[in-house]
Amino acid sequence: MLEWLNPVKGFGVTFHTMFKKVPTVEYPEVKAPTMPRFHGRHQLNRWPDGLEKCIGCELCAWACPADAIYVEAGDNTEEERYSPGERYGRVYQINYLRCILCGLCVEACPTRALTMTNEYELADDSRESLIYTKEQLLAPLQQGMEAPPHPMRLGETEKDYYRLGRDDNAAARADEQNSEAVQ
């Protein structure tokens, strides 16, 4: 009946939105902030004394659905210690040509050595530069940290490192409860 008015209604919607504020961001000049839980580039973390948290267990590589992570473990010695445990990640690479930034590797890491930053600008001109090595992924040394290799500074055994930040009384109570449950 009044079908000839349909194009006019469509133009009404167009004119109505023409005068609204544009939500477009001028990206290279103005960067929108990311959400706190955004999955961006990976980072290999360190203990407060500078030793690496990665123990070279390769669980992150096994959990990766895109097969983007390559880990090769090395043995720690008392002369050259890179992490508190027996082993460390001697070779660590993430291929960002394959990585889908899903975060499954972070969930698989038993020592919380691997986290994801908010950095999302990973584009580059060459394929070789998108394969990040351990040196590129390691968190920078903060004040008070010493570059590895060096002896353990935060305790005598690796258990001392893994108990950092935990309530020692709670750990002792848990040990007592476990021993009582076994008996």
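Backbone N, Cα and C atoms are what each Cβ position is placed from, and that goes for glycine too.
Annotated domain '4Fe-4S ferredoxin-type 1' per Swiss-Prot: 44-74, in sequence order. Tertiary proximity for the domain '4Fe-4S ferredoxin-type 1' (44-74) is limited to same-chain residues at least six positions away from its ends with a CB under 8 Å from its CB atoms, namely 81-100, 102, 104-115, 134, 137-139, 141, 144-148, 150, 152-154, 161, 164.
Feature annotation from Swiss-Prot assigns [4Fe-4S] cluster 1 binding site to Cys54, Cys57, Cys60, Cys109; the stated evidence is sequence analysis. Listed in sequence order, the residues of the same chain lying 6 or more apart from Cys57 ([4Fe-4S] cluster 1 binding site) and placing their CB within less than 8 Å of its CB are Val71, Ala73, Arg87, Pro110.
Marked as [4Fe-4S] cluster 2 binding site by Swiss-Prot on the basis of sequence analysis: Cys64, Cys99, Cys102, Cys105. Just so you know, the Cβ of Cys99 ([4Fe-4S] cluster 2 binding site) picks up 20 other Cβ atoms within 10 Å once every protein chain is counted. Under the three-state DSSP scheme, Cys99 ([4Fe-4S] cluster 2 binding site) falls in the coil class.
If one looks beyond the domain '4Fe-4S ferredoxin-type 2' (90-119) by at least 6 residues along the same chain, the residues whose Cβ comes under 8 Å of a Cβ in the stretch are 34, 36, 38-45, 52-57, 59-74, 127, 130-134, 137, 162. For 90-119, the entry in Swiss-Prot reads domain '4Fe-4S ferredoxin-type 2', with the evidence type sequence analysis.
Per Swiss-Prot, region 'Disordered' is recorded for 143-183.
Under the heading compositional bias 'Basic and acidic residues', Swiss-Prot lists 153-176.
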- Item | Lowest local Cβ density among Cys54, Cys64, which the record lists as binding-site residues, within 10 Å | Cys64
- Note on the structure: Cα nearest Cys60 ([4Fe-4S] cluster 1 binding site) among binding-site residues (Cys99, Cys102, Cys105) -> Cys105
- Note on the structure: DSSP composition of the domain '4Fe-4S ferredoxin-type 2' (90-119), residue counts helix/strand/coil, works out to 5 helix, 9 strand, 16 coil
- Sparsest Cβ environment (other Cβ within 10 Å) among binding-site residues Cys60, Cys102, Cys105, Cys109 belongs to Cys102
- For Cys60 ([4Fe-4S] cluster 1 binding site), the three-state class that DSSP assigns: helix
